[in-house]
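S.K.: Below: one structure in structure tokens.
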Amino acid sequence: MQSQSSVFHADEAFIINGPLIVELKFRKLFVPLSALIQTFFLQMMKFAWDSYKQYAFGKNELRPLTKNGHIGNMFGGLRGATVVDALDTLYIMELEEEFQEAKKWVEKSFDLNVNGEASLFEVNIRYIGGLLAAYYLTGEEVFKSKALELGEKLLPAFNTPTGIPRGVINLGSGMSWSWGWASAGSSILAEFGTLHLEFLHLTELSGNPVFAEKVMNIRKVLNRVEKPQGLYPNFLSPVTGNWVQHHVSIGGLGDSFYEYLIKSWLMSDKKDSEAKKMYDDALEAIEKHLVRRSAGGLTYIAEWRGGILDHKMGHLACFSGGMIALGAEHASEERKQHYMDLAAEITNTCHESYARSDTKLGPEAFRFDTGTEAMATRLSERYYILRPEVVESYMYMWRLTHDLKYRQWGWEVVKALEKHCRVEAGFSGIRDVYTTVPTHDNMQQSFFLAETLKYLYLLFCEDDVLSLDDWVFNTEAHPLPVNHTNFKTKASVQ
């Protein structure tokens, strides 16, 4: 990087580098600056990692204000969520020393003999996804063996009358149960529907068909049950296999189920036609019943409660712009442009939720009612916890269109993160995006290193860095290889 307050000129773009914020002036060309920008992301990642290492190493997440670690109760006694979540990001960014620190911790200190209640979903996407990605990128056997051992510990959750897993499992005893807040002991669509990618790889690596059988059975149950208006409600009984209530959301509780349908097809090298049909049918129903346009011209995806629309969109739902664009690449010719346009409109709406806040970061949820558009109207929805979904869509939209605005928008997020979320010992979420002197929430989420920083970095990389032709990202941004018969990962050629 240039020294403080220096000016860097490159073709028709230049930057001014201050102590924390790098200001970009975009004109016609951006590519000549990409290497310099990547260096900046490396510094952000190194700062986040070094802070975690100094104050919370081995704990699940860093509390950057109080400079200590957080364990939480999502992971059943497992430790090091940030270590495992960060492995592939460190490797991709070529932060070799930091990657070796993380690998050594997994080898020496990552204990799977724990006894506590864990979220099946979170352990799968963060730990198993992170370990699988690290194995495929490096070929290091320790990551494979830990992933397989942990996968075995999740299998008892599927011991239900339907084979639909319950959401919580004790990793020691194998006892499982549903979340206390879930309607009538139901399982959650986004949880049992977000196992497919990882479990197919567990079968591939172990030779044990049980992992694939478990997730293929979930498909059978979903195909058997009637879908209201073609939609998938968020709550399903693991006992009866019937929907518990008709709440449909592309945000929390539903989101990654849809993502894993199109990605299952892509990961199969476009052979899993069942997944593609389920995705196409679901998207058609979503567009018909949930996609709406506001009076101000913003396209959004509402939530559906038994036929009544709730005109709100969660930050979690902002992944859908990228998902729809990814699917559009493989739609029929007459629908391809339509879906690319829809993806661009949704991504623009999510950008507006950032642009309309004082911090230029987006709220947890934003609404389209009472004259308000793309803004939070409730105090409980004004926070930002370093979430990645908006920059995730920017990355996909950039890769698939090369429209420069997505890099511009990504840079706006970087500036806002540096200004409002960077603290002395890491990055912290904020409690209100609508004040320029926000209160910090004292949490550096593991997904900030796994997803937010990775997607921002990839947004400014060449397209062949984790090419979308060869890799799919799980819902925690951990890259898993497409099953090309002629595609070799490092692991397969060791």
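The backbone N, Cα and C atoms fix where each Cβ goes, and this holds for glycine too.
Bear in mind that TrEMBL entries carry predicted annotations, made automatically and left uncurated.
Annotated active site, proton donor per TrEMBL: GLU122, GLU364, in sequence order. The active site feature in TrEMBL is assigned to ASP255, GLU389. Annotation comment: TrEMBL describes THR475 as Ca(2+) binding site. Among the features that TrEMBL reports, disulfide bond is placed at CYS318-CYS350.
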S.K.: Round to the nearest Å and give the CA-to-CA distance linking GLU122 (active site, proton donor) with GLU364 (active site, proton donor).
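M.R.: Rounded to a whole number, the Cα-Cα distance is 19 Å.
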S.K.: Using a 10 angstroms cut-off on Cβ to Cβ distances, just flag whichever of ASP255, GLU364, THR475 is the loneliest among these recorded positions.
M.R.: GLU364
S.K.: Any same-chain residues 6+ apart from CYS318 (disulfide bond) with CB under 8 Å of its CB? Would you list them in sequence order, or say none?
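M.R.: When sequence neighbours closer than 6 are ignored, CYS318 (disulfide bond) has ILE346, THR347, CYS350, SER353, GLY362, GLU389, VAL390, GLU392, SER393 within Cβ distance under 8 Å.
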S.K.: Between GLU364 (active site, proton donor) and THR475 (Ca(2+) binding site), what C-alpha distance do you get in Å?
M.R.: 18
S.K.: If you count Cβ atoms within 10 Å of each one, which of the active-site residues GLU122, GLU389 comes out on top?
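M.R.: Of the active-site residues GLU122, GLU389, the highest Cβ count within 10 Å belongs to GLU389.
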S.K.: Using the alpha carbons only, what distance in Å do you get between ASP255 (active site) and the residue listed as 'Ca(2+) binding site' once rounded?
M.R.: 9
